[in-house]
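Engineer: Got a structure here, written out as structure tokens. Questions coming.
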Amino acid sequence: MLVLLAGIFVVHIATVIMLFVSTIANVWLVSNTADASVGLWKNCTNVSCSDSLSYASEDALKTVQAFMILSIIFCVIALLVLVFQLFTMEKGNRFFLSGATTLVCWLCILVGMSIYTSRYANRDGTQYHHGYSYILGWICFCFSFIIGVLYLVLRKK
């Protein structure tokens, strides 16, 4: 049980780090010519980055930005709650709050990534392909669901 909990804790920390990288990095879409990339915040070329996103004023992008930031906040809160619960709560209720908070993080990632996928991921036909930030976002989606469910299963033990 202790080894499983340590493994889940390490994966949770990795998820937090990957969420930070995914949200901050400007490599959600990469040009097929590899000279430009588009993120949630900026357009970048080989030379520099600029704040001039062609769709920066759209509400969908602002929603994606908000939900990705919320997912980071909930993931960090879940990690802090886990550490707090390990030392303060009795055995039967120990992981319920951290599991629920992680599943809220999962839901925020789901909403943000789904909106981005439906609205922007197939932008301009075949000129762009998915970058590592976009892929990390979906990996964090999977990890946060697995972690949240495992916390709820561990609550019973």
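Positions of Cβ are set from backbone N, Cα and C atoms, glycine also.
I grabbed these lines from TrEMBL:
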- 7-30: transmembrane segment (TRANSMEM)
- 66-88: transmembrane segment (TRANSMEM)
- 95-115: transmembrane segment (TRANSMEM)
- 135-154: transmembrane segment (TRANSMEM)
Engineer: When you scan the chain for residues with a C-beta under 8 Å from the transmembrane segment (7-30), skipping those not six or more beyond its ends, what do you find?
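Structural biologist: For the transmembrane segment (7-30), the far contacts come to 36-44, 49, 68-69, 71-72, 75-76, 78-79, 82, 102, 109, 116, 120-121, 123, 128-134, 136-137, 139-140, 143-144, 146-147, 150-151, 154.
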Engineer: Please give the sequence-distant neighbours of the transmembrane segment (95-115): residues at least 6 beyond its ends with Cβ less than 8 Å from one of its Cβ atoms.
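Structural biologist: Same-chain contacts beyond the ends: 12, 19, 60, 63-64, 66-68, 70-71, 74-75, 77-79, 81-82, 85, 134, 137-138, 140-141, 144-145, 147-152, 154-155.
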Engineer: Same-chain Cβ contacts of the transmembrane segment (66-88) under 8 Å, 6 or more residues past its ends?
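Structural biologist: Cβ under 8 Å, 6 or more out: 9, 12-13, 15-16, 19-20, 22-23, 40, 94-95, 97-99, 101-102, 104-106, 108-109, 111-112, 115, 137, 140, 144, 148, 151.
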